[in-house]
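Engineer: I am attaching a structure below and will ask some questions about it afterwards.
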Amino acid sequence: MTWQDDAGRDLVRSFGDRMAMFVRGEGSYLWDAEGTRYLDFLAGIAVNSLGHAHPAFVEAISRQAATLAHVSNYFATPPQLELASRLKRLAGTGDRGRIYFGNSGAEANEAAFKLARLHGGADRPRILALRDAFHGRTMGTLALTGKPWMQEPFLPMTPGVEFIDSTVEALEAALDDRVAALFVEPVKGEAGVIDLPDGFLQAARALTGQHGALLIVDEIQTGAGRTGEWFAFQHAGITPDAITVAKGIGGGFPIGALITYGDASDLFYPGTHGSTFGGNALGTAVAGAVLGEIEDAGLVANAAERGIQLRDAILAIDSPVIGGCRGRGLLMGVALRHPVAKAVVAAAQTHGLIVNAPNDETIRLVPALTIGDVEIDEFIQLFTAALRTVEDALVLDGAAHPEVSK
Ligand SMILES: *Cc1c(COP(=O)(O)O)cnc(C)c1O
């Protein structure tokens, strides 16, 4: 029996075939059972902010597991209070900020959805979200996710959510005094690393403010420094009413949070929400150590600088397949001129490089925030090799893609 047989028989079918089985990681590298090394530019989908097995992560998890892991939300613990205070500072909430801890991105967005309902009450039944944005796979967050094919097998959805285009005109047309909240994904990661138009977040802030609706920014993929600011909304110089975080803040430990600002912090009252595991001492100690290391090692600035360096190096590759780069910092989408992203991912893996294709014409790069010259140089070498493999296949198939067979 191979591991593929075991996975095919025992694991839920919703993920499709696993592409490899990894047994160990260190920094930006992964190893499979045969001892083959891979450069990891996916980092568990923007999760492993410090790479694999970082000493700060290992030390925090070991120390806290040996001290106190979990006591329930009937009680407080020092790591939980420290992380809450750190998140308030990094997110710029001021004194009135509050944190709800969950265990995933979806749970953070579920809390945000309930926050929107508490704010809206009977007078504001409308919730706006962006077409093509991704907010999660639970029934509530799926209702917020503007992708009909994802919702279709699970209809009916929780009512009240309306999807709009990511344009200032669409915002102006949709907002009125019956809107409880607008959900925004500041760079649409799962859709293919799609940037919002310039001025969109500022307009969203102005219009939601004008109509008394909450502006809720989903920073689950963009947060924890990935875009070159702690949170992507900070590039726009606005203050939202709430943000949600997960993925990168735990560095591989499952944790998520809803962070509220100002009046939105008063909406939840006793009994309105909860979680058994959320915010336990173990998870919050690890997230505190991960964010502390991002801060101490200057990794937010590193994400900004390495993002530019990586983009320039990719745009300098002489390949007829590359069409450009989207995204910000170390959340990058390489646009392809042909629908060959899956072939590029497969070719990359045979060359020892892990990347991901959120759609047929985009390669998503979300490496650890710790990457430097060595990782970028190696990435360019391996990525170029993978592109060559795919270009050769396209040339062989020249009739279908004449512009590549120059
Ligand atoms: C990954 C993601 C989620 C869902 O997070 P899970 O931890 O998978 O539930 C929600 N929103 C965005 C923007 C994401 O990237």
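Positions of Cβ are set from backbone N, Cα and C atoms, glycine also.
These came from TrEMBL, pasted as-is:
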type    : residues                                       : note
BINDING : G105, A106, F134, D218, E219, I220, Q221, T276 : pyridoxal 5'-phosphate binding site
BINDING : R137, S275                                     : N(2)-acetyl-L-ornithine binding site
MOD_RES : K247                                           : N6-(pyridoxal phosphate)lysine
Engineer: Under DSSP, is G105 (pyridoxal 5'-phosphate binding site) helix, strand or coil?
Structural biologist: helix
Engineer: Got a sec? Which of these recorded positions, R137, K247, has the most Cβ atoms within 10 Å?
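Structural biologist: It comes out as K247.
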Engineer: What whole-number distance in angstrom separates the two most remote CA atoms of the pyridoxal 5'-phosphate-binding residues G105, A106, F134, D218, E219, I220, Q221, T276?
Structural biologist: 25
Engineer: Using C-alpha positions only, work out which of the recorded positions R137, K247, S275 is nearest to A106 (pyridoxal 5'-phosphate binding site).
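Structural biologist: Looking at Cα distances from A106 (pyridoxal 5'-phosphate binding site), the smallest one goes to R137.
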Engineer: If one looks at the chain holding Q221 (pyridoxal 5'-phosphate binding site), which residues at least 6 apart in sequence have a CB under 8 angstroms from its CB?
Structural biologist: I45, A46, E185, V187, G189, E190, K247, G248, L331, V366
Engineer: Does DSSP give the residue listed as 'N6-(pyridoxal phosphate)lysine' helix, strand or coil?
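Structural biologist: In the DSSP reduction, the residue listed as 'N6-(pyridoxal phosphate)lysine' maps to helix.
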Engineer: Which binding-site residues, if any, among G105, I220, T276 have a Cβ under 6 Å from ligand 1, given in order along the chain?
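Structural biologist: By the Cβ criterion, which requires under 6 Å to ligand 1, the hits are G105, I220.
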Engineer: Name the residues of the same chain, 6+ apart in sequence, whose Cβ is under 8 Å from the Cβ of F134 (pyridoxal 5'-phosphate binding site)?
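Structural biologist: In sequence order, the residues whose Cβ lies under 8 Å from that of F134 (pyridoxal 5'-phosphate binding site) (at least 6 apart) are T145, K147, E185, K188, G189, E190, A191.
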Engineer: What count of other C-beta atoms do you get within 10 angstroms of the C-beta of G105 (pyridoxal 5'-phosphate binding site), across all chains shown?
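Structural biologist: Its Cβ has 28 other Cβ atoms within 10 Å.
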